[in-house]
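The region 'Disordered' feature in TrEMBL is assigned to 1-48, 591-621. TrEMBL lists 63-80 with the feature transmembrane segment. Residues or ranges marked as domain 'Multidrug resistance protein MdtA-like barrel-sandwich hybrid' in TrEMBL: 122-214. Under the heading domain 'CzcB-like barrel-sandwich hybrid', TrEMBL lists 314-406. For 417-488, the entry in TrEMBL reads domain 'YknX-like beta-barrel'. The compositional bias 'Gly residues' annotation in TrEMBL covers 592-621.
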Amino acid sequence: ANPPEQGKSGADNTGAANHGGQPAQKGPSAIFAQDDAASERGPKKKKKFNLKDRRTKKIIKRIIIWAVIIGLVAGVYIWFQSQAAKVANMMQTPISTAAAERGDLDVTITGSGVMEAMEQYDIVPMKQGKIMTAPFEEGDYVEKDSVLFTLDNSDALINIQKAQNSLAKADIANKSNQETMEDWVSTAPVTGYISGLNLKVGDTVNANTAVCTITNDDVITVKIPFSAAHIDSIYVGSTAQLTSADYMTNNIYGTVSDIDRTPIRSSDGGVMYNVEITLDNPGAIAGGMNFTATINGILSAAAGTSEAADSEQLFTKASGKVVAVYHTNGDKVNAGDTIIEISNSATLDSIDQSNIEYDDLQLSLQSQYDELEDYTIKSPISGTVIKKEYKAGDTIGNSAQSIVLATVADMSKMKFTMDVDELDISKIQVGQPVDVVADALEDQIFVGTITQIIQEGESANGVTTYPVEVVIDTPGDLMIGMNVTATVVVESKSDVLKVPIEAVTKSSGKSYVQVLKADAAAQKGGAPSDAGAAPGGGQAAGYTMEDFEQREVQTGINSEDEIEIVSGLSEGELVYIATATTDDSSLQMMMMGGGMSGGGAPSDGGGTPPAGGGPSGGGPQ
């Protein structure tokens, strides 16, 4: 073969392939020519499969669509087969029915809790030491303030005695300070007129400094000497007539008030005795006037000098600075009137400190008395001793306040707390009665009262509940820690038409029941009420789902078990009761199959609520 022609043929083949035709078989010359051309163009690129090709995409889409269609058809077929099996099974299973009947219906809220004492106190000691007495046992009833324990208080009594001694010393010091302050006040010793007062505010004085003289000249005394030869003829109480050259009258009379038996000598050596004569001052007699006297006809041997009956000089009793002067010379004062007052700053500071110390000692003593009470432990309430951990002779160590000696509980009333759902809490009110049963006490019902509703809820897993306290006034055999169940009736109706709550389904806001057809009842035993269903639900022999028809009803209140039928159903009619094995889809399958007249339930129906369920008020959900 000619190589150039082979090269040409190879080029043509290559071109045909590039234009979508079938490539011709290449010879060696064409291959070599392609290799040379490729080497001139550079490295040869690997050809990729193009998924964007329209024909390829159409094929893939068709495959996917058919796969989906086949899968859906298979799924629907399998589902219908399973539902048909369920329906067949239901058709063979005895049907549960119940008759619509009249009666009372209560809407209730239930809860549970654990019994507690109305009040309960742990008895904790405040002091350590040996327990001297513990005159009670577990189970005993004790009154409030009954003595439960007494502890050894000997050390406390010693401390109290020491505090009393310290307070007594401070009291003595306080009294001395009080007397010192009393000495700062200078008062008139007698009633009279002031003279010789020269002190002023700010003057510093010492103890026994003369303040002034106070003279009472309303009464005058005169001491006149009489001869010893006549002294025995003169008596105390004798009247004396006085004569004075300074007073121009002789009608001055006085009374002998004293006879001084101390002899005195006259200028000529004679013996004389002074006789004191007292008289009321007529107004003109002053001290220092000379008088003679005649007593019982006996003339005095010489003259005597008059003086005021009361005349005393006032002296300070303490040292200090004059802080007040209340009178001046010539003022008449009464006995006890304050003349001047002094003060001493150093003494005042000492008195203040002493008073503070005295107050501290009083507080300390009171504290000791208060602590003494801690050695006698009393019951804080009236109640039953439910626990006794310590007895007489035991010793309380350093960790006294962490020790529980005993526990006293008031069980005359008892309480528990139950949690109420946020959807129901608005129906609960303080004062509502509550029926309470205990797991441990069969056939006993206790009556409680709601006493408190806690305003702050507790949330868990998206649900909020509110604690509600219930008090039982007569707890009977109830004991602390027992589990109880409470029922609160929040709404009640009498003589209402009702059916089991499982008989009602709800869809699109409407309620439905499955009612036994009249002809089915006639064919299989007469009236519906005679068809074999128990009033509260039971097995109705011989009935199938084809014997029931769906009927819309109006519902009212409901409990956990029953629901009120306001309209749409008559007393005695039998209704179908859904069981736990009957789901909504199976029920719809049966209705769609023509077994029931009246058509099936709407496809968006809600279904039957679980046994015992349903809301606490209103229709089923």
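Just so you know, glycine gets a Cβ as well, placed from its N, Cα and C.
Each residue of the domain 'YknX-like beta-barrel' (417-488) gets a DSSP state, and the totals for helix, strand and coil are 3 helix, 43 strand, 26 coil. This prediction places the mean pLDDT of the domain 'Multidrug resistance protein MdtA-like barrel-sandwich hybrid' (122-214) at 93. Counting residue by residue with DSSP, the domain 'Multidrug resistance protein MdtA-like barrel-sandwich hybrid' (122-214) contains 30 helix, 28 strand, 35 coil.
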